[in-house]
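Q: Got a structure here, written out as structure tokens. Questions coming.
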Amino acid sequence: MEYHGGSYDVIVIGAGHAGCEAALASARIGAKTLVITLNLDMIAFMPCNPSIGGPAKGIVVREIDALGGEMGKNIDKTYIQIRMLNTGKGPAVRALRAQADKVLYQREMKKTLENQKNLTLLQGKVERLIVEDGVCKGVITQTGAHYYAKAVVITTGTFLRGEIIIGDIKYSSGPNNQQPSIKLSEHLEELGFELVRFKTGTPPRVNSRTIDYSKTEIQPGDEEPRAFSYETTKYITDQLPCWLTYTTEETHRIIDENLHLSPMYSGMIKGTGPRYCPSIEDKVVRFHDKPRHQIFLEPEGRETEEVYVQGLSTSLPEHIQRKLLETIPGLEKAQLMRAGYAIEYDAIVPTQLWPTLETKLVKNLYTAGQINGTSGYEEAAGQGIMAGINAAHRALGREEIILSRSDAYIGVLIDDLVTKGTNEPYRLLTSRAEYRLLLRHDNADLRLTELGYRIGLISEERYQAFLAKKEAIEREKKRLQTVIIKPTPEVQEVIRQAGGSELKDGIRAADLLRRPEMTYEHIQKLAPADEDIAPEVAEQVEIQIKYEGYIQKSLQEVERLKKMENKKIPEDIDYDAIQGLATEARQKLKQVRPLSIAQASRISGVNPADISILLVYLEQGRIARVSNE
């Protein structure tokens, strides 16, 4: 029986990593928000690796936190291990990664949602959207409830027509044997959305008590206190190690002999898999010359014996998976607790979205997370917070928010999706960001906290602390520009010990800090500050002074880009009326409908000549409008 379930400002479908951020952002902004999810016990569930962060992804978590999101705070409360990666490299590629206690992570996130003002949680299955005259007005659940809203966000992950595949067995399912969402997928097609079939996979889990850890290498966490969130002040000290082992030639032989049983090679899997997270059979085939591959053994939590066998993602039959485990040092007698599997699911072609993550086809409808063709919890959460902000702003009549490629990795991610699309599950990499020196782990707050505060997601107390930090950085930079360090014997000794060449004359402290071998600690010894300098202030001062030339160069490029971003393209432009455009360019421009010349220039198939023609056309139109006025 159909009935009226209630009216809201925003409805979020799904409470995975995208849905949680979308719902919390919306509610915190002040929109009356409803989250409908298939299973309230699976909020923020980690169906694949029990970790948050890593290269590029860790920076996204920092950005979510700088905007006022939850993922960073939640992992800081629940990790079992944390490490800073790439510490031997430059600041642009450093990133934090934490192993999660996945059950605790879920529990804490559920608690946060339950206690959030303006937020209602509901277990249910959305099967249809209420769409009138191309505008989304709400949702209809399996039980016939009609819920109305001014904006709807779909964050259904890998549940849309999900199918699990192990060997020659294939059955309808969401991740981890949860119920899939079939009717909503069919309904999206009815509305005219183009869907694609993607695939992802997960490795087996084994019982920790049956692993011989003496045959593996220990991988401890960092002793230095670390956190994703700028608000975290308490650090977990009793960390659990991970362990490293390797596949063997015997592992590879078994895979080679049984490739015909792999659904990837038998033709059973039609969906495109993630390039940067290949299955073990894929690795063995593609890198046949490699005698071994790394396998990390990652505990899934403090209260469980389940261990995630990272690097052994597979959809081979279960009996073959058991044979593979027996060939890996340390896992010879490991008990299989859950078999690895592949999952195929529907995703929306993301060029059907505006940069706000609103769909072009249906107004007031937003999508975020794996439904948009991405892979990874962090990518999902980054889209979730932006979709939640924009949905709430639409409902409350506020301006839309779009992060540019020079603002954040989240901006790079969304721009790549809506401008270029993706023909495989999209993973964020540092190499995708042309301004990666500006988009660092250490400066996410300096880039985004101002915006988070303006939107209403950052508290006054946190904002004041942020302003104090900013002022302290500027004060110390100014001091180092004026203080002169003279070539005294003590100074020469410090420089010699650091591996540098001695001073001939006095030098400004900032210029000495620019030398590769010198650190801020050295400068503090030679020219101590009058005030206590917090470690995060010292870090910023050192990076900003050391890399000043490169940063300035990047900022000049950003200014050039902004000029192109400011050249707006009307939404209702008729590309068929523009003479001289190449056929491919015309087709791509009509499909993507870019909002600026900068976005148009990033579409594959649109050449500089096409951009010139487009610029002339827009200029002629502007002149015509001015003369008519």
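Backbone N, Cα and C atoms are what each Cβ position is placed from, and that goes for glycine too.
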Q: Among Gln335, Gln352, Gln370, which residue shares the FAD site with Gly14, Ala15, Gly16, His17, Ala18, Gly19, Val126, Ser181 according to Swiss-Prot?
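A: For FAD, Swiss-Prot names Gly14, Ala15, Gly16, His17, Ala18, Gly19, Val126, Ser181; of Gln335, Gln352, Gln370, the listed one is Gln370.
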Q: Three-state secondary structure of Phe287 (NAD(+) binding site) from DSSP?
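A: In three-state terms, Phe287 (NAD(+) binding site) counts as coil.
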Q: With the cut-off set at 10 Å between Cβ atoms, which of these binding-site residues ends up with the most neighbours? Options: Ala18, Val126, Cys277, Val285.
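A: Per the Cβ count within 10 Å, the most buried is Ala18.
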Q: Far apart in sequence but close in space: which same-chain residues, 6 or more away, have a Cβ under 8 Å from Ser279 (NAD(+) binding site)?
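A: Spatial neighbours, sequence-distant, of Ser279 (NAD(+) binding site): Gly201, Ser262, Met264, Gly273, Ser313, Thr314, Ser315, Ala342.
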Q: Where the distance is taken from Cα to Cα, which of the binding-site residues Gly14, Ala18, Val126 turns out closest to Val285 (NAD(+) binding site)?
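A: Result: the closest of the binding-site residues to Val285 (NAD(+) binding site) is Ala18.
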Q: Please compare the binding-site residues Gly14, Gly16, Gly273 by how many other CB atoms fall within 10 Å of each one's CB, and tell me which has the fewest.
A: Gly273
Q: Would you identify the secondary structure of Ala18 (FAD binding site) according to DSSP, in three states?
A: helix
Q: Counting all other Cβ atoms within 10 Å across every protein chain shown, which of the binding-site residues Arg275, Lys283 scores highest?
A: Lys283
Q: In Å, how large is the greatest distance between any two Cα atoms among Gly14, Ala15, Gly16, His17, Ala18, Gly19, Val126, Ser181, Gln370, the listed binders of FAD?
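A: In whole numbers, the farthest two Cα atoms are 18 Å apart.
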